[in-house]
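Quick look at what Swiss-Prot annotates:
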type	residues	note
COMPBIAS	243-277	compositional bias 'Polar residues'
COMPBIAS	312-347	compositional bias 'Polar residues'
COMPBIAS	394-406	compositional bias 'Polar residues'
COMPBIAS	419-431	compositional bias 'Polar residues'
MOD_RES	SER301	phosphoserine
MOD_RES	SER464	phosphoserine
REGION	236-288	region 'Disordered'
REGION	301-364	region 'Disordered'
REGION	394-431	region 'Disordered'
REGION	455-483	region 'Disordered'
REPEAT	28-49	repeat 'LRR 1'
REPEAT	53-74	repeat 'LRR 2'
REPEAT	76-97	repeat 'LRR 3'
REPEAT	99-120	repeat 'LRR 4'
REPEAT	122-143	repeat 'LRR 5'
REPEAT	145-166	repeat 'LRR 6'
Amino acid sequence: MSAHEVSSTKNSEIERIIKEAEDAGPENALTLDLSHLNLRELPYEQLERIQGRIARLALGHNFIKSIGPEILKFTRLRYLNIRSNVLREFPESLCRLESLEILDISRNKIKQLPESFGALMNLKVLSISKNRLFELPTYIAHMPNLEILKIENNHIVFPPPHIANNDLQDSDMQLFIANIKGYLSRNESVFRTRSESTVSAALSASANLSHSEENDSSVVDSYLFSAPSDTSHAVSPGMLTFVTPSPHSHSPAGHQQSTPKSTLSKTNENSEGTLYDSNVAHGCTHPPSLNQLNKFHLDASPRQARPRRSVSLATGLNSPSVSKPPSSATGPLYHSPQSSLTNSSVASADVQERTHNTNGASPIQDQISEFTDQHQNPSNNDAASTQSILKTAPTQLSASAKTSAISLPEVAKKERNRSNSTNDDYSSTRLPSSVLHRLEALKEARKLSEQLPNRIFAQDPHPSPRLKKEETHENGSNLTNDSVNSYFSNIGGSEVEMKHSAFEKTLESSRGILFSLSQVQQALRQQLLFCSNPVVLDSMRHVLHTANVQIKRLILCFEDTQQSNDGTANINSIVNASLSCISSFRKLIEVTKKFLNELTSRADVRYVRLLLLILFDAAKELQNALVPLSPSQPHSGNNIFADQVRQSPTSMIRTASGLTNRIVSVEKPASVMNPEIDKQIQDQVALATNSAMSVLTLLIDAVPKNNQPDLVNENIAPNLISKLRELGSLSAAACDVTRKLKHRLLTFQTNPEELEWQLFLDDTQAFVKSIIAVANLAKALSSEYTFQKSVLAGLSAATRSTKDLTILLSSSARHYTESSLATPVPLMSPIARVPATPLSAALGSAAQSITSPLIMSPAAIPASAYSTNKIDYFTDADGNVEGLQR
């Protein structure tokens with residue numbers, strides 16, 4: 001088939017597709033599918049008559065190399081699919097299609113996105129997967145409507161791989177985009193600064209390039225690629241260093257100087273960011289164009305050949321940026337980026353010194369040793385890590401390099417030793433990719449935990465003054481974290497000599513408080529990254545700022561103690577600061593519990609689990625720290641511990657155990673360890689549940705029959721009918737709770753372990769609360785509605801058995817802790833406390849309702865009253881059940 005026939009057939013197919021699209025409609029939103037037609041350009045002539053009506057256009061799986069400005073006439077275009085073509089540059093004309101909402105440009109060969117791409121503010125879906133991108137532009141952070149972003153199978157190093165996580169991209173697209181935008185917005189200023197310096201360096205180096213073309217004619221052309229050694233910072237192609245080659249020279253005989261084959265890079269379309277020009281391989285003396293070099297740092301100094309990449313940049317920062325130096329005696333040698341030299345004269349002197357060494361060691365040996373030393377003692381200068389390295393050209397090596405005493409196996413052995421060094425950056429290739437990914441994630445999480453991103457709250461255009469105030473103090477939180485880390489790293493060498501055992505215990509307890517609060521603070525700051533509610537962020541930042549102040553105060557007290565000769569002089573200030581830290585911890589817990597749903601609803605489950613574990617462990621640490629702090633000072637009238645009551649092991653954990661959803665059980669009360677009391681409690685629970693089941697069954701059967709006005713009394717008020725129905729629903733729910741408690745009792749008797757006991761106490765809490773709710777409502781209705789005698793008798797028996805169970809648990813707790821019934825807890829106590837009993841530990845907030853006079857719980861009556869004046873809930877003073885009836 002001739003080319004004319006092929007073109008005619010293709011045009012006919014396009015006309016048929018256009019006609020089908022017009023027939024399918026709608027009139028002003030045509031859908032046109034021109035995929036798989038082997039198109040090399042857009043058929044603008046055939047689409048001209050409908051160009052203003054096309055809303056969806058598919059051009060996938062063709063051979064389109066570019067898209068011209070004619071596409072701007074497609075004013076209604078909202079969906080464009082140009083995947084699987086041969087685009088090498090992003091079409092600039094697409095950046096002016098403001099109506100575009102969905103763009104699929106995947107499976108092409110695009111290496112970067114233009115700056116004008118940020119004008120597509122209406123873009124909702126962007127798929128740029130399977131291209132050759134190194135970086136995502138920072139303006140993506142300012143696209144408010146972006147809902148889906150597909151970037152997998154690129155060579156992206158900015159953002160780093162643990163931010164551009166493909167697993168998160170598949171599981172939670174909203175969180176994935178939030179992470180991408182947050183990272184880009186935080187590093188936008190750094191990226192712009194480096195980009196501007198890169199362009200200026202390229203312009204200045206272009207002048208040096210022409211000057212060196214006239215003077216320097218003895219150096220082999222080569223490229224050198226170096227990446228920053230500090231992988232914890234953002235890496236973009238703007239930060240990578242490409243060194244320009246100097247032009248080839250000719251030998252005195254007039255022939256072109258030969259270049260070692262190993263120093264020439266192959267032209268590969270899949271090479272990541274290589275500016276290698278094929279003319280270099282043919283000995284062309286023309287340097288690369290400025291357009292090729294305007295993004296990279298340039299240096300006209302002699303350089304070795306660009307080492308071959310050992311791994312694809314798709315693996316990101318988990319792998320070294322260049323391959324290891326070959327062991328060949330004439331091969332290129334790579335030097336550490338940290339030891340960058342900028343003076344060519346220094347490099348020449350270094351070459352001469354190593355070439356004319358008198359010890360018989362070859363230059364290769366010296367360079368390998370220098371390379372190993374540099375990696376074992378890396379520089380911390382970030383600027384040096386991004387500069388180029390002066391290299392020794394292969395032609396400058398003396399003849400002794402070829403006849404060196406060092407053999408290839410010895411070089412390989414040195415390389416193996418260097419690779420196995422724990423201080424070598426290249427040793428990271430020995431680790432599995434999963435481990436490296438976790439390490440990079442931890443590095444990024446550590447950075448994010450030290451500073452909160454500046455969020456833009458679309459829902460709150462006018463943040464509260466307190467929020468602005470807290471944002472101005474975010475740097476202070478970083479100083480606090482640094483101070484805590486510095487203190488714990490230095491206490492081993494600068495610790496004050498301890499002469500008093502009480503002081504040692506107090507100081508160690510205060511350190512535990514400091515460490516716990518600092519860890520909780522960092523975990524909460526990390527959790528705030530997943531929250532976008534301005535109210536929650538305002539409240540949390542306020543309490544975190546208060547915690548910062550208390551941490552700083554405690555650290556200052558520690559420093560004063562270390563500087564003083566007598567450490568006991570500052571014991572009062574340390575104790576006061578420690579108690580203030582505990583108060584701030586309590587406030588943190590209260591606010592966290594209040595906004596727990598907002599903090600955890602959008603967060604990854606691993607972060608939530610880590611936060612809850614830290615909260616629980618911090619509560620245990622603070623609880624243990626209170627015991628040594630209490631006797632640390634002499635008891636006096638104005639002593640802060642004069643009214644302090646020692647808390648039970650379960651009172652402090654109640655807060656954290658509620659947050660952790662009771663994953664970890666609290667300590668068992670001593671009563672459980674007593675077989676006799678244990679048996680009595682189980683028998684009483686069995687009696688209470690049997691009694692409750694009887695009366696609840698009566699209520700469930702009676703209430704639905706009695707709440708019908710035509711069956712009982714037509715004068716019953718509608719609100720009373722609704723109350724009766726509510727009583728029936730509460731009774732049904734209480735019946736289910738009672739069955740669960742009975743089943744839990746059987747389980748605990750079969751498997752008497754600590755966790756089962758804690759679950760047993762939890763079910764007891766639910767049982768008591770349900771009986772209280774039913775009893776309260778029944779008592780309120782007893783003055784308006786006449787219950788049957790059997791129902792009242794059953795309620796009386798159920799409340800009596802519940803009261804006996806409460807008495808048994810309370811009396812068993814008296815033997816467990818005597819201090820719980822001593823002096824009352826002061827109002828200004830750092831941790832407000834419910835009286836510590838096994839029941840209060842199990843019931844939590846329900847313990848307060850048990851002591852309420854409204855339900856006449858026995859917990860509110862002295863123990864002596866139980867034996868002298870037992871007035872039941874549904875009986876009068878004479879024990880007459882009918883006395884409560886109308």
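Any Cβ shown, glycine's included, is placed from N, Cα and C.
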Would you mind listing the long-range same-chain contacts of the repeat 'LRR 4' (99-120), meaning Cβ under 8 Å and 6+ residues beyond its ends? 60, 75-90, 92, 126-137, 139-140, 142-143, 145, 150, 237, 269, 273
Beyond the flanks of the repeat 'LRR 3' (76-97) by 6 or more, those residues with Cβ under 8 Å of it: 28-29, 35, 52-70, 103-114, 116-117, 119-120, 127
How does the repeat 'LRR 2' (53-74) divide up by DSSP, counting helix, then strand, then coil residues? 5 helix, 5 strand, 12 coil
Mean pLDDT, the repeat 'LRR 4' (99-120)? 88
The repeat 'LRR 6' (145-166): DSSP-derived helix, strand, coil residue counts: 1 helix, 4 strand, 17 coil
